[in-house]
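Notes for the one structure printed next.
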Amino acid sequence: MVLIRVLANLLVLQLSYAQKSSELVIGGDECNINEHPFPVALHTARSKRFYCAGTLINQEWVLTAARCDRKNIRIILGVHSKNVPNEDQQIRVPKEKFFCLSSKTYTRWDKDIMLIRLKKPVNDSTHIVPLSLPSSPPSVGSVCRIMGWGTITTTKVTYPDVPHCANINMFDYSVCRKVYRKLPEKSRTLCAGILQGGIDSCKVDNGGPLICNGQIQGIVSWGGHPCAQPHKPALYTNVFDYTDWIQSIIAGNITATCPP
């Protein structure tokens, strides 16, 4: 049954990629309720407001950005509407958190990644299914998918009740280097967006997934301010570069180190 659910959700994703890229996270269309069983929403015990997102990669582990670390994190799985919970919605807290560096330091172009082990594993359900880690890096020119509960307008902060989705394009890293002059010659980040602007991940989407061919290829990290400007793609942590570290941590090797 779990395999059937996974295959069904991959089919939904493939159909989504075939759509015309007119959907927006900024001011755009709502995700289909059955399209996103793997994203999770993060909030703190003190505040019920979502501040970041993440991705369930198996029943016990969530992948997100290092910049999303907080005290007393609460992780909501199986959520669509913030105001009308799904029957299979579940809430978990971290058991352990892992970073590339013990100091939890990261930069805009390096090591913005955090792996969270849940205190209690989740059960797969209609709206809770893990997303696969990448088997290979994404190709330049790929059409990928972003989704999240981040702001849907650029002139002011407007948070939606349900997540919004968009298709964006994968660019060569050099495209982002031309825009963001402080980027190093090489980094473990992906450059993706829409060059004419109007489509982008934005505030509170941080930590959420960039999905290509049914796999998590990126983690929302940072971009231009305000979001969705022309010729200013966003940057995403390149998950493929960290797969060995992720798999080592999950296997119990908690001293595993990230690639330099």
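FYI, residue positions are counted from 1 along the chain as it appears here.
Each residue, glycine too, has its Cβ placed from N, Cα and C.
Taken from Swiss-Prot, the feature signal peptide applies to 1-18, supported by similarity to another entry. Residues annotated as domain 'Peptidase S1' in Swiss-Prot: 25-251. Residues or ranges marked as disulfide bond by Swiss-Prot on the basis of sequence analysis: CYS31-CYS165, CYS52-CYS68, CYS100-CYS258, CYS144-CYS212, CYS176-CYS191, CYS202-CYS227. Residues annotated as N-linked glycosylation site in Swiss-Prot, with sequence analysis given as evidence: ASN123, ASN253.
On the structure: features taken from Swiss-Prot.
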| residue | record | Cβ within 10 Å |
| --- | --- | --- |
| CYS52 | disulfide bond | 26 |
| ASN123 | N-linked glycosylation site | 12 |
| CYS144 | disulfide bond | 22 |
| CYS165 | disulfide bond | 22 |
| CYS176 | disulfide bond | 23 |
| CYS191 | disulfide bond | 26 |
| CYS212 | disulfide bond | 24 |
| CYS227 | disulfide bond | 23 |
| ASN253 | N-linked glycosylation site | 11 |
| CYS258 | disulfide bond | 19 |
Around the Cβ of CYS68 (disulfide bond), the count of other Cβ atoms that are within 10 Å: 21
Structural state of CYS144 (disulfide bond), classified by DSSP into three states: strand
For CYS68 (disulfide bond), the three-state class that DSSP assigns: helix
Candidate nearest CYS165 (disulfide bond) in space, where candidates are the recorded positions ASN123, CYS176, CYS227 and distance is Cα-Cα: CYS227
Greatest C-beta neighbour count within 10 angstroms, which of the disulfide-bonded residues CYS31, CYS100, CYS202: CYS202
Using Cα positions only, nearest of the disulfide-bonded residues to CYS52 (disulfide bond) (CYS100, CYS144, CYS202, CYS227, CYS258): CYS202
Inter-residue Cα distance where the pair is CYS31 (disulfide bond) and ASN253 (N-linked glycosylation site), in Å: 37
Cα separation, CYS144 (disulfide bond) to CYS31 (disulfide bond) (Å, whole number): 14
